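So that you can see what the record holds, here are the features copied from Swiss-Prot:
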TOPO_DOM  1-33  topological domain 'Cytoplasmic'
TOPO_DOM  55-66  topological domain 'Extracellular'
TOPO_DOM  88-105  topological domain 'Cytoplasmic'
TOPO_DOM  127-154  topological domain 'Extracellular'
TOPO_DOM  176-185  topological domain 'Cytoplasmic'
TOPO_DOM  207-229  topological domain 'Extracellular'
TOPO_DOM  251-274  topological domain 'Cytoplasmic'
TRANSMEM  34-54  transmembrane segment
TRANSMEM  67-87  transmembrane segment
TRANSMEM  106-126  transmembrane segment
TRANSMEM  155-175  transmembrane segment
TRANSMEM  186-206  transmembrane segment
TRANSMEM  230-250  transmembrane segment
Amino acid sequence: MPFLHLFTPYTNADNTKLILRVNESRLRLFTRQLLAEFFGTLFVVYIVSGSTLAANFAVSDPIVRVCLICLVQGFAFAAIIWSISGISGCQLNPAVTVGCVTTGRMGILNGIAFIIFQCVGALVGAGMMKASLPTFYERDLSATTLATGVNVARGFFLEMVTTSFLVFVVLGVAVYNEWDPKISRVAPLAIGCAVIAGVGFLNLFTGGSLNPARSFGPAVFSDTWHRHYIYWFGPICGGIIAGLFWRIFLSEKVLLIDRPYTDFHRSTYGTATK
């Protein structure tokens with residue numbers, strides 16, 4: 001099949017064509033998943049860092065500033081999740097990945113690989129933002145730091161509880177929701193709303209991380225490491241708590257069986273699949 005076409009070879013409206021999903025190797029699927037996590041986290045960190053810097057420079061009213069920051073982050077997450085969730089689940093967050101591993105729905109080695117590519121994507125996204133801005137606008141590249149009066153214990157607790165809320169929502173609408181496709185279709189919006197709520201609540205106290213990768217990228221390029229460990233231990237503990245809560249108390253018992261009868265079946269999205 002040629003790489004480029006002079007004319008569009010088919011459209012979804014062409015009744016003479018049938019789109020079939022071709023089986024692919026596990027290695028190719030896993031590679032696509034890792035690349036999806038890499039590029040998704042890259043875009044998230046780039047947009048989050050840029051929007052935070054823009055709000056801090058352009059908006060003097062603190063309420064408007066926080067609203068702008070949390071809305072941009074929430075909508076950015078929702079848009080990216082909608083675009084690539086069919087490939088990797090679009091976790092974009094080591095805390096979410098740890099939560100998925102804790103539930104048993106994701107393998108440990110898969111989770112480690114996801115986290116590595118998320119962190120590399122965060123580094124590239126923060127580096128791109130640093131390269132995009134004049135030195136005057138760089139500052140700390142929106143690295144997350146504790147506010148005055150917020151000690152280590154409070155910062156850890158705030159990040160842990162709020163991230164557990166975010167991961168709780170992710171697991172509920174995207175991981176443990178096997179039976180209602182209507183909820184799956186709006187899952188990115190629900191996750192985006194959880195990000196808006198979490199960032200809006202935490203912004204004043206901890207900078208609103210909820211995501212170790214989001215804090216890691218800007219910290220590297222701005223050399224902002226003061227109590228950085230909070231933004232790893234807090235969210236990851238929150239992810240573990242949410243994962244255990246779903247696994248022990250809220251999950252249904254499911255049974256995995258072989259697909260019966262036919263070689264072809266109709267997929268969730270209505271396209272014929274082999």
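One-based numbering along the chain as shown.
Even glycines carry a Cβ here, placed using N, Cα and C.
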Per the Cβ under 8 Å criterion, with at least 6 residues separating them from its ends, the topological domain 'Extracellular' (127-154) contacts 42, 45-46, 48-50, 52-53, 56-57, 204-209, 214-215, 217-219, 221-222, 224, 226-227, 230-231
Where, among 34-54, 67-87, 106-126, 230-250, do we find the most CB pairs under 8 A to the transmembrane segment (186-206)?
67-87
For the topological domain 'Cytoplasmic' (88-105), the DSSP helix/strand/coil residue counts are 11 helix, 0 strand, 7 coil
Would you mind splitting the topological domain 'Extracellular' (55-66) into helix, strand and coil residue counts from DSSP?
9 helix, 0 strand, 3 coil
With DSSP, how much of the topological domain 'Cytoplasmic' (176-185) is helix, how much strand and how much coil, in residues?
5 helix, 0 strand, 5 coil
Roughly where does the topological domain 'Cytoplasmic' (88-105) sit in mean pLDDT, to the nearest integer?
93
